[in-house]
């Protein structure tokens, strides 16, 4: 009885569908290549999910308002470049440099929010401007060279140290899990999540209910920026350096994860769990295709196909309801 | 007349949790105006959506000229000559009248490449002339009045040579003159042998325009009667299954009650000019006037939804600065918009989420976490006291009927403890039974000491609900009537009292 | 807060100024390592540059690279700047942000031609896309020199670049030596469209196929030169073929990425890594022996020779149609060698 009503609930059923998709993928690849399901490889997949997963989490909040943030990739890069600069040039202690990176990300997000809410720029345009600005600034600040975190002992361990000494269990995975739990709580139990949905569902009704829509929007974009900052930490820690030219392209993968996870680009609908599974689907798919030695160009085509199918099924589901 | 043009037999349609249509039968003859009435949620819209291919039926048959047909989408219906003119008109505001009419079937030059605007405009002009309408085919539809937009829709239907026109609440936003013009056009279409299905809550006008009336109730078919053989009371009885008595409101007796809202010299754009009035605790104050008199604009300015240039707003005697809805909400003012779907509700969210939307601070624990239990308890309480009909408070509000949606909006503001409630067209699109419930709620709230301001274009509604009525015309308050003075003719007099 | 912003702004401006100054420095930078032996040997820099200066203003050469932000291009630029200062010409150096933005590069070329340059030096992302424009330019007497990836043969009068096939073969020789002539190899490439990148892989594979029958190339994948993606590629490659003994990577991003991937998978000890190009991270890993070695091109020399060739053409001198700017194998043993060290950039 309970199960049946759960299945009837559309939100739950969608999560089950993508979860099933995810497991089908895993089973398929495991049969094709038994080494796919090995502990090491699962950890590899999880680690590969981290950066994109963090970006997608941030993106989800914005997408649920009915907006879009295409600056997540370069904001991520910019925040870790700034963090690296703070450490190497201004000699901040490393913890402060990391926090500074988060602050830069949050600030970029807040500026996005300000541009969208107060300056009335369409989100696509506002964040495209931010994408270009942060891309340029990253190169300028770094002098077009990687910023190395050498001298920060154990900086690489932040992402690829082993959690509690469990072999192969990287800290980055824990960072993603914690970030996802925080995001889930923010989304489902805290005001910002509720207003996120309300704004996405009907912005004018939200405003006329006395919700300070503009302030919340700035907050939501800033939150997205903060997630970019955290992604920047994981990224730079894995590479032990901030690579200033990276970033463009990452936003598309993040948006793809959010969309596969069932976040409607028109807003008002979505979930954090969905986003996380969406990110997992992308990384497990790419990993599986690589392990099967599928050539790179076909990999890209297959991921594109999965994205299209995911959105198609989502539309069908919506239409039915 | 050779039998039925359309016959719908034993139509059933189920949505999750709701049986929207249960074995409904409906017949339509050529050359008749057939009214379809029923309370909201009775299934009229669903039935028409099945006929026009928006929804597909679960079971039942549709016969056109005696032959069974299948309608799977809107285009199917269009091809068979069935067209619906929706309450929210389906026009593209940025395109011209002619472009709207011929959208998807554009006139092209001989080479079949270039658009032929000239002959398209001429053709549109011809259609307008047939309808006796003075509409420029090249004007953007967004610049036309609602009544003219409706004519564009009708012209579009004519251009398809539709045999069956379904009009959903066509008169809801029209002035009396415009309604007369529309009825003239409807009669003309009837003379041409077309069949018109007319959905409306205004029973008086159905009496004028329709030949037959079909009544639906709770998703089922009740009866079809000849208009001339029946009375409004009988129809109402069929609709609600009970008799309804309308009583006029007594004059407001407690004149010494505290003034809760005072507006002084409020100016906001062209539509709100020097508006000054007071409203008291426990009072139901009406704002009457014709469409476009500035009543909604006044309400929106008071609520901070639109900015105002000058004027003072005092709540409980204290001046308050209102520059956004959140200021107004904090001052205890609530606004129930005339367009619930656009301005009042987050349709994709649940009843619970909508009810507590205006005031989450009361539903938090440890300052940040949402207290779901408290929120659910409140919503359940509101659901019971307002008798909101919903299978669950987790139901998305878009699945509720208009009356119940209105109650959800009301519940939102009652949860916020707002003591000044502005109802803008509170019963638009709401059936009679639910209407009376809303009136009763307004009385009850006033008795509890709240101040109620009602904006309505339906004079009977103003007359029956208000203690005192302010009449507006062209952005000014042109008259005030109280108690026994409240009378249709007096109000209409003030409402047309233009500036010299 | 305000303070922070101030710091940020100042920094931005200082950095901007530094970059700006760099590009139009009038005097030859003293520390420029352009005069490595090869370059200086055939660079009669101040011998005869009379013609360009004759008509009063400095002749202008437009240089358009595949990219801009990568350090390789910055090294090419420094060589070109050096040559420009030595030979008394004015140059501009541009390149799109990503090495895939064909359209942007075409726009850059068109804009540059609008400024009436005496010569255009170009590394085209897509030869066909610029062929017509370059032909037209050539018709107007503008000299066209290809560098690095170069342009189509019909359009250019000379090409200064690393012979990528030879470079790939050189990498293969060293890889074979590392494996003792026997083993399994995986390849992490960075592009399947840029000729140069393809040749690095083809040259490698051809050499292995021709001379080392006991070596098998078991997998070949591409990571767009993105550090993170290349890391994932290398890890999944190891997952699929745990018996790979050596990974060959075709550029810096691929190499550092694969290095990180192997490090994460704890495979650095088991798998030898052969790279391409250089960076601070690569240098460090090579010094410590974690990366076996890599091929470096001579970007500074490439920049220098490109401008030099263009100036020669402008003066009516004849030049060879292909000028190999050279490549070198470097590892922990020779990276401090005075011949190699200047070619390694950060």
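Even glycines carry a Cβ here, placed using N, Cα and C.
No curator has checked TrEMBL annotations; they are predicted automatically.
What TrEMBL records for this protein:
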type	residues	note
TRANSMEM	A:12-31	transmembrane segment
TRANSMEM	A:43-63	transmembrane segment
TRANSMEM	A:70-90	transmembrane segment
TRANSMEM	A:96-117	transmembrane segment
TRANSMEM	A:124-148	transmembrane segment
TRANSMEM	A:168-187	transmembrane segment
TRANSMEM	A:218-236	transmembrane segment
TRANSMEM	A:291-313	transmembrane segment
Any chance the transmembrane segment (A:218-236) and the transmembrane segment (A:96-117) have 3 or more Cβ pairs under 8 A, given the pairs are 6 or more apart in sequence?
yes
Compare A:12-31, A:70-90, A:96-117, A:168-187, A:291-313 by their Cβ pairs under 8 Å to the transmembrane segment (A:43-63) and return the stretch that comes out on top.
A:168-187
In terms of Cβ proximity under 8 Å, which residues at least six beyond the ends of the transmembrane segment (A:70-90) contact it?
51, 55, 58-59, 96-98, 100-102, 104-105, 108-109, 112, 124, 127-128, 130-132, 134-135, 137-138, 141-142, 147-149, 151-152, 224-225, 227-229, 231-233, 235-236, 241-244, 246-252, 254-255
For the transmembrane segment (A:12-31), could you work out the same-chain residues 6 or more beyond its ends whose Cβ comes under 8 Å from its Cβ atoms?
6, 37, 260-262, 271, 273-274, 277-278, 280-281, 284-285, 287-288, 291-292, 310, 313-314, 317
Cβ under 8 Å to the transmembrane segment (A:124-148), counting only same-chain residues 6 or more beyond its ends: which ones?
68-71, 73-75, 77-78, 80-82, 84-85, 88, 108, 111-112, 115-116, 236, 239-245, 247-248, 251
